[in-house]
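Quick look at what TrEMBL lists:
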type	residues	note
DOMAIN	30-211	domain 'Glucose-6-phosphate dehydrogenase NAD-binding'
BINDING	G33, A34, S35, G36, D37, L38, T39, K40, R67, K172	NADP(+) binding site
BINDING	H202, K206, E240, D259, K360	substrate binding site
DOMAIN	213-512	domain 'Glucose-6-phosphate dehydrogenase C-terminal'
ACT_SITE	H264	active site, proton acceptor
Amino acid sequence: MATAELTINPEDLSQVPPSNLRIPEPTVVVIFGASGDLTKRKLLPALFHLEQAGLLPKEFAIVGVARRPLGNEFAEDMRNGIVEFGSVPATDAKLEEFAKKIHYFAMNFDDAAAYSRLKTELDSVAKQHGIGGNRLFYLSVAPEYFTEIISNLGAQNMAKPTDGSVRAVIEKPFGHDLESAKELNRHVNSVFAERQIFRIDHYLGKETVQNILVFRFANGIFEPVWNRNFIDNVQITAAETLGVEGRGPFYEKAGALRDVVQNHVMELLSFVAMEPPMSFESQSVRLEKLKVWQSIPPIAMENIVRGQYGPGSIKGEAVPGYRQEDRVDPNSQTETYAALKLGIDNWRWAGVPFYIRAGKRLAKRVTEITVQFKQPPMLIFNRGGVGDCGPIQPNVITIRIQPDEGISLRFGAKVPSTQSMAVCPVTMDFDYAKAFGKSTANGYERLLLDAMLGDQTLFAHRDGVETTWALYTPVLDAWANKKPQTFPNYVAGSWGPDCADELLAKDGYTWRKL
Ligand SMILES: NC(=O)C1=CN([C@@H]2O[C@H](COP(=O)(O)OP(=O)(O)OC[C@H]3O[C@@H](n4cnc5c(N)ncnc54)[C@H](OP(=O)(O)O)[C@@H]3O)[C@@H](O)[C@H]2O)C=CC1
Ligand SMILES: O=C1O[C@H](COP(=O)(O)O)[C@@H](O)[C@H](O)[C@H]1O
């Protein structure tokens with residue numbers, strides 16, 4: 001893409017309330033896919049945490065929509081989910097009150113006639129709770145239902161606000177390649193204006209991800225060295241120990257590049273690499289992210305590798321290979337691991353390699369970013385002697401996204417000795433939990449609240465989505481045309497395939513040991 005402009009209509013500008021109070025207007029939150037895993041494990045616990053923190057309006061209701069005839073069972077099930085996944089004591093007094101705000105409406109998403117009944121139901125729930133016309137539609141559904149639901153909301157005049165705001169939150173994946181993403185965006189935009197659309201990437205809800213911007217732009221000492229003059233290379237790792245967890249059919253069509261790299265990892269990369277935005281407001285932040293992605297040249301095929309796990313063990317437990325997982329093709333060619341090198345051709349980053357790796361069934365669950373600095377131009381100390389640690393290690397800033405959230409800086413220190421100037425690497429460490437206490441938030445709190453407030457800063461814009469797809473679609477096409485010969489090529493519980501190590505070895509680097 002040649003331009004670095006967001007396609008913004010004046011009417012697309014999100015209406016962010018000027019106040020810092022951040023309490024949304026009375027709203028009915030409508031969750032499509034309400035009996036699903038995401039609703040129970042993440043969305044309802046997050047909404048309850050917001051209620052506990054006094055961040056929801058008094059007039060508030062949730063309407064879950066799914067196929068099964070659940071009735072009152074739904075509120076009970078959600079209540080149990082909040083206790084289990086939200087670390088909430090079953091005796092919490094607010095839980096009882098909150099459960100009264102949870103409703104359920106059974107329908108099939110394919111049933112066009114059911115949407116007018118849904119509309120009537122929403123109006124009735126709104127009236128019961130003293131809510132006007134504000135609606136937040138959350139599409140927590142498989143992607144094949146996105147267009148169906150959106151068309152029907154449009155057809156029933158449910159997408160245009162009459163006396164309030166109407167917004168739609170869409171879960172990933174936003175398409176499976178550039179063309180499908182464009183098509184989806186065209187369709188969504190034919191019903192909802194861009195300012196009504198909240199494409200969620202739950203990584204942006206993580207405190208540690210938002211903290212990348214605070215680390216860079218609320219401190220004076222890092223930004224002057226945050227560029228090609230001082231930084232040698234950047235590594236981003238998104239490693240999971242989990243396999244596909246019963247999501248075989250979904251993952252077969254996705255793979256690591258689509259599932260995690262094109263979205264979550266690219267969001268991390270944009271926060272590390274972007275220029276300081278004019279302000280922390282949606283158009284400024286999203287524009288700077290877009291400029292980063294637009295500055296990435298096409299990825300050369302020799303700079304990207306893929307892998308698939310075979311049987312192995314995780315934490316001492318034997319686990320099956322990917323091809324043996326439930327509802328996975330025994331000859332599957334889907335990658336469960338990807339590693340690549342990319343560049344960012346702008347004044348700040350030209351010549352600095354960014355190495356990315358992401359995969360399932362790896363040795364450890366860890367997402368982190370390491371920024372490695374250049375070595376000092378010369379060394380004035382006589383090395384060796386008591387306690388010397390060998391070759392000088394470069395300075396590294398490590399941003400630990402999860403699970404051990406924090407930031408550390410590695411630098412060389414003098415080893416105490418009266419005779420020598422021996423140097424060893426030491427670290428200064430910031431630990432999120434120690435500094436601020438352990439949080440029970442799952443990231444969706446912030447995003448749900450922002451969506452209700454109409455603040456799009458931490459949501460994906462259509463131009464950003466299409467730009468990242470433009471980058472990865474040629475790779476996906478090339479991979480589809482050239483079957484991998486060596487799958488499975490890494491053992492579950494290892495650090496991935498040898499080809500990923502070779503990718504860095506070509507440049508004289510190794511992956512950081514985690
Ligand atoms: N789970 C997770 O951790 C994450 C999920 N996501 C995304 O969130 C979305 C939802 O995921 P998840 O909750 O795991 O999905 P699930 O498969 O667990 O849930 C799907 C939901 O959709 C409903 N549904 C399916 N077909 C129909 C239909 N024809 N009519 C009415 N209801 C229907 C199901 O209802 P019923 O039970 O009645 O059939 C169920 O409530 C997906 O897009 C996924 O990619 C994104 C990040 C993480
Ligand atoms: O979107 C997804 O993300 C999860 C990883 O999220 P995390 O917050 O646990 O890091 C991944 O497991 C899943 O396959 C993918 O769809």
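For all residues, glycine too, the Cβ spot is worked out from N, Cα and C.
Feature map: annotations from TrEMBL on the structure.
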residue	record	DSSP class
G33	NADP(+) binding site	coil
T39	NADP(+) binding site	helix
R67	NADP(+) binding site	coil
H202	substrate binding site	helix
D259	substrate binding site	helix
H264	active site, proton acceptor	helix
K360	substrate binding site	coil
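Across the residues annotated as binding NADP(+) (G33, A34, S35, G36, D37, L38, T39, K40, R67, K172), the two Cα atoms farthest apart lie 21 Å from each other. Using a 10 angstroms CA-CA radius around D37 (NADP(+) binding site), none of the recorded positions in H202, K206, E240, D259, H264, K360 qualify. The binding-site residues listed here (G33, T39, R67) include no residue with a Cα within 10 A of the Cα of H202 (substrate binding site).
The shortest Cα-Cα distance between the residue listed as 'active site, proton acceptor' and any of the binding-site residues S35, T39, R67, K206 is the one to K206. Cβ-based crowding with a 10 Å cutoff singles out K360 as the top-ranked of the binding-site residues R67, H202, K360. Local packing around the Cβ, expressed as the count of other Cβ atoms within 10 angstroms, is greatest for D259 among the binding-site residues D37, E240, D259. Taken as a whole, the domain 'Glucose-6-phosphate dehydrogenase NAD-binding' (30-211) shows an average pLDDT of 95 in this prediction. Selection of the binding-site residues G33, T39, D259 by a Cβ distance under 6 Å from ligand 2 yields, in sequence order, D259. Taking a Cβ cut-off of under 6 Å from any atom of ligand 1, the binding-site residues G33, D37, R67, E240 reduce to G33, D37, R67.
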